[in-house]
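Taken from Swiss-Prot, the feature active site applies to 269. Positions annotated as substrate binding site by Swiss-Prot, on the basis of sequence analysis: 76, 216, 217, 218, 267, 381, 382, 383. According to Swiss-Prot, the Mn(2+) binding site annotation covers 225, 245, 292, on the basis of sequence analysis. Per Swiss-Prot, GTP binding site is recorded for 268, 269, 270, 271, 272, 273, 383, 414, 507, 508, 509, 510, and the stated evidence type is sequence analysis.
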């Protein structure tokens, strides 16, 4: 076993943790990752030799690879995701709670000798710009070269992070294994995993993560959802900041004035499409800072500032096309990994919605010849992993260690009725109620839940690392700190008519909604009118010029459906009852206000 990693680590706490893990998991070899391009290429070559990775046609996708996972390891596994806090009360009713001591014992049994026959990789990573007051350092120990390569794209990773950590910095311990030890001479499978014993566990007492049995994105790239949301939200609650499941964009109007917005949507509701929106309206510009996670802190001037802690995109491929998101296709043109997409005869990738006609002679995501009219060629949760700086609409402030000031926070979901196209909260408290009441039709990003309506407060249901009622209270507390808070808005691109057709054209036309939000943050009063559920655009207030949208359709999008809203309020109140006495009274008061005003 190579011991040269020891000489490169000056942090005694990190050194002793690594030694502890090695003793527990018994790897054949140990490797400290430096994050270099040479290391990345060597690991990609190793995976090609093992039949795990397929290089794409370099003329179509330079330095890109396709990976196929096991069909039993294709999405975030919420039923195996646990939050361990001293008391169950601290984790709250929306999290799977386990006693930390019991869970540690269970995991130690699973991890014992689990890396036999494999290489243990030490992956130092930084969430957030290097040397930013926002940033957190983690070290992931993993036995998956796919994870190492993905972490190079998704995080700032390697020697520079180790240097920043120094000999006494704080770091988050992240231990990951695919859970498939190899006996001497045993041949490995292309995608090792152990679905029966899958565990993704967060220990809030020492800010550590242990993940076993899955090699898939959110379960295995522990910097992403585990550190940047579940651990960071807990930390933010203690320290007075927010870790949110939000995109961050810069919107510039034709006069050249720019504002930054953050927006929360549940998985697969168009976050990446909005983050990379290509405006059709002349003179407008939308630039991307991130498409998934925002860390938000009060700045010295009293405004809220946001950074994207990530370094890459882990985007849903399905439906991404030159029409829906040309910037996403440009982003993953080179230096990207594709997981569970189809492979075309000429060495390109394909997924449903990429083109109207599927190419002939494809290999599907399970490695079989694809048959037209049969199963989908790509898995519905197929992904591209692409570098942030490859995005053609990347905002110049993307790496600013201080973050960017937010003027609007937007909440959205996939709702076919009741919820208007856009509306503005009457107050911060009303806005927090809007976030707490979010619900959406579910998608393939979550195992076993396709097509149901589920509550997803702030789009944080799977990612909040502590009691959600305390999280709502934390959001409310920002109104008492004398801050210059962003305005809060709700949007819904997904209303349908009586024929089941989407009313709003969506995609690049969503800029028209951003334009209204932009003007509202400028204090334009004439473009909105007050209703019980918030400020809605007046008929003339929303720019619909050049849109094929009838007056009836516009009315449907911008009218308060009193009966629908009464049902909505009652539904939210019923959901909030799961939090019992912990539920903040201010949110319940907002629900009562809406109800009484609707009468």
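Here the Cβ of each residue, glycine as well, is placed from N, Cα and C on the backbone.
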Using the residues the record lists for substrate (76, 216, 217, 218, 267, 381, 382, 383), what whole-number Å value is the largest Cα to Cα distance?
16
Enter the number of other CB atoms within 10 angstroms of the CB of residue 267 (substrate binding site).
21
Of the binding-site residues listed (292, 509), the greatest number of other CB atoms within 10 A surrounds the CB of 292
Just the number: how many Å between the Cα atoms of residue 267 (substrate binding site) and residue 292 (Mn(2+) binding site)?
9
Out of 225, 269, 292, 507, 509, which of these recorded positions is nearest residue 381 (substrate binding site) by C-alpha distance?
269
Mind giving me a neighbour count for residue 245 (Mn(2+) binding site)? Other Cβ atoms within 10 Å of its Cβ, every protein chain shown.
25
What residues, ordered by sequence, lie under 8 A Cβ-to-Cβ from residue 216 (substrate binding site) and sit at least six positions away in the same chain?
69, 73, 74, 75, 76, 77, 193
Which binding-site residues from the set 217, 272, 382, 509 come within 10 angstroms of residue 292 (Mn(2+) binding site), judged by C-alpha positions?
272
Within 10 Å of residue 218 (substrate binding site) (Cα to Cα), which of the recorded positions 269, 270, 272 do you find?
none
Find the shortest Cα-Cα separation between residue 507 (GTP binding site) and the recorded positions 217, 225, 269, 382, 383, and name the residue that gives it.
269
